[in-house]
Amino acid sequence: MNPSQLFQLHTEFEPCGDQPEAINQLVASILQNKRSQVLLGITGSGKTFTMANVIAKVQRPTLILAHNKTLAAQLYQEFKAFFPHNAVEYFVSYYDYYQPEAYVPRTDTYIEKDMSINDKIDKMRLSATRSLLERSDVIIVSSVSCIYGLGSPEYYRGMNLTLSQGQMRRRDDILLHLVEMQYKRNDFEFIRSTFRVRGDVLDIFPAYEEDLAIRVEMFGDEIEQISEIDPLTGKVKRRIASITIYPSSHHVTPEEIRLKAMETIRAELDERRQFYETEKKYLELERIQQRTMYDLEMLKEVGTCKGIENYSRHFSMRQPGAPPPCLLDYFPSDYLLVIDESHQTLPQVHAMFNGDRARKQTLVDFGFRLPSAFDNRPLRFEEVYGRIHQVVYVSATPGAWEVQEAGGEIVEQLIRPTGLLDPIIEIRPASGQVDDCLAEIRSHVSKGGRVLLTTLTKKLSEELTTYLNDLNVKAKYLHSDIDTIERVQIIRDLRLGVFDVLVGINLLREGLDIPEVSLVAILDADKEGFLRSETSLIQTCGRAARNAEGRVIMYADKITKSIKRTLEITESRRALQMRYNEQHGITPRTVKREISVLMESEEDQVTHPTKLEEEIFKAAEEAHHYLTLDEVRLKIKECEKEMKKAAKEFRFEEAADWRDQMRRYQQIELTLA
C-alpha cells in the first residue's frame, strides 16, 4: 500500500490463483485506454477482490453498477471494508414504496403518484453526490437508479453555501441562502435538512450527514467561530476554519432560472391549448389548463409544486428530447465503470426508457401532463453508452453483446483461491419434490447449514414458506416486493442462523454471497424459460459454491438443454479446480466472511437483541421517581447516541441494551407528559 496514493486498499490477503493475471490484464488495458473489457469470473473466484485491486492500481473514481438493491448493498459493504479511508458511497432508489402517476382510459381512472421515501437512503444519495464534487477518491455502488434524471450538477454545485471564520456576512442572508437550498428552519426538532437559530448561534444539520451538524457563531455580521457538533447533545467535536454546505435536494434551482422556466412552461401550455382546440378535445384542454396553472401558482408562491420533476426540462433549459442530467454527469470524464453481473444489468438499462415512455404517453394524450413530461426520464441505452469512458463487464456468464464490445477478448478467472470446487449437482424427479426437499432441508439444517430454495413465482415462494414454517422449519421468503433495507436484513439473519431456509425466485441468483449455504434446491428445474435458462441455472448453482459441503439438487422429470449445458460446464470447472488444488496442495475450505451491518431500520437498530442487564432495567424502572421530564428526554438522547455508536462499531449486544433502555425511558416520558 502506497500512502501517497488516493485509493488505499486495506486487506490481509494477497491475490492468488488466476487473480494476479486477471488484475494485470485489466489494469494494462485500462492504462492503454481500451474502452471495454470482460471479466469472466466464476462464483467464489474473488471477482470483487480483483476489481478492488484494479481500482487501487488505476487510481480513478469508480462507479460500480449492480442490477438490484440487494447485490448493491452487499457490494457496498465489501468495498467499504476494502477502502475504509476512501469515500465509498451507496446510490439506489430511495423509494420504499412508489406508485407512479398513471391514467387508465378504459375505466377513466386517474391514479395519483404515491410514494414513501427512505430517509437513510436519501441521506446516502446526497452523500454520494457531495463526495463526487469534493473528492477524487470516490467509489459509488449503484443500481440502475443512476441513469434516472437527477438535478443539474451545475446548479447543485453552484448553490452551495461556503462559510469561513472571519467572513463578513449578514445572518439573514445566510438564512435566506439555506432556504433556497431547501433547508427548513426548525427550532424544536433538529433533524437532517433543518437549521435552528438561537441568538447569534446558527446550527445547521446537513442533509448528507447522520451524526454531525455545524454550529456557526456570529458577532454582528462577522462569523466568529465554526464548529462541528453532535446533533443530539450539541457538544462541540472540533473547531474548523471553513465549511461548505450542499443543498438538501438534488432538484434545486436558482430563482432566476425558476422564473425563466415558468415562462417556458406557460408558452408550452399555450401550444398545448391550441392543439386541443384544433382537435376539439375540450375535456383534455380543461384538464391541462387547470393542472398547469395550479402548478405555476405553487411555483410562484412556494418555489415548488407536486410533480415538479415533470417540468425538469424547463428548469435545466434543455431542448425537447435532450437527455436529463443524472449521476453519471457528476463523475469526472476519466471515471471507470464496473458493471457487475452484466448479463443481468445491461438488459435492465435497455428496458428502463421504454417502460417509462409508455406510461407517460397516456398522461400526455389525455391532458394530465404537458409533452415536456416525456423528458423527465431515464437515459436511453445509447445515451448511457455515450457517457462511458472505460468499462469492465463482470459476470460468470457474460452475454454475447459484452464479449463483442470487448473485441472478443475475455479475461478469465476460473480458479477459486479457497480451493472450493463447483458444487455437485444431483437431478431428482419433480414429482414429490417438496417432500423430498423437506427431508434434505432437515438433514442440512441439523448439521448447521443453510438452504436456498428457488421457485418460479412470488405466490409459490410465499406459500412454500408458510408450509415450511407450519412444519417447524424456520424459513423466510425474499422477492422484489420486499424493500431494500429489509432484504439486506433478511440475508444477514439467514447468515446468523435466525432462520435456516430462504425461499425466493431470481433474487437468489447473481452475486449473493452467503458462504453458510450448503444446499441449493431448484424446484421445477425442467421448466424452460427465463428463470431456468442456462445462465440462470449456472448462477443459481453458484450460490452453493462458497461452502466446502455445497450441493445442488435440481428437481426435473427431463434433462433440458439448459440443464445438460449446466452439468457440462460445472464438471469442466470442477476438473480444472481439482488439478489446481493437486498442484498447489490446497484442501478446499468454506469461505469465512464477516457478518456486518450495512443499514439498520429506525424501528429495530439491532437485529438480535440480548436481555437487558438487571441493573439497567432497575435504574429505568425507578427513574420516574426522581427524574423530571426534561431529564428523561436527555436520557433518551444519550441512550440513542450510545446505541448508534455501539451498532456502528459492531458491538451488537451492547447496542441492544442501550436500545431497550431508551425504550424504557420513552415509556416513562409518556407517563410524565
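Any Cβ shown, glycine's included, is placed from N, Cα and C.
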*State the residue range annotated as motif 'Beta-hairpin' by Swiss-Prot; the candidates are 22-45, 94-117, 478-501.*
94-117
*Does DSSP put G41 (ATP binding site) in a helix, in a strand, or in coil?*
strand
_Taking 10 A as the limit, how many CB atoms besides its own sit near the CB of T43 (ATP binding site)?_
25
*Using DSSP, would you call G46 (ATP binding site) helix, strand or coil?*
coil
*Taking the recorded ATP site as G41, I42, T43, G44, S45, G46, K47, T48, identify the other residues of that chain whose CB atom sits within 8 Å of the mean position of the site's CB atoms, giving them in sequence order.*
T50, A396, Q413, R416
*Return the residues near K47 (ATP binding site), defined as same-chain residues 6+ apart in sequence whose C-beta is under 8 angstroms from its C-beta, sorted by sequence, else 'none'.*
L39, G41, D340, V394, Q413
*Could you list the residues of the same chain, at least six apart in sequence, whose Cβ is under 8 A from the Cβ of S45 (ATP binding site)?*
G17, D18, Q19, Q413, L414, I415, R416, P417
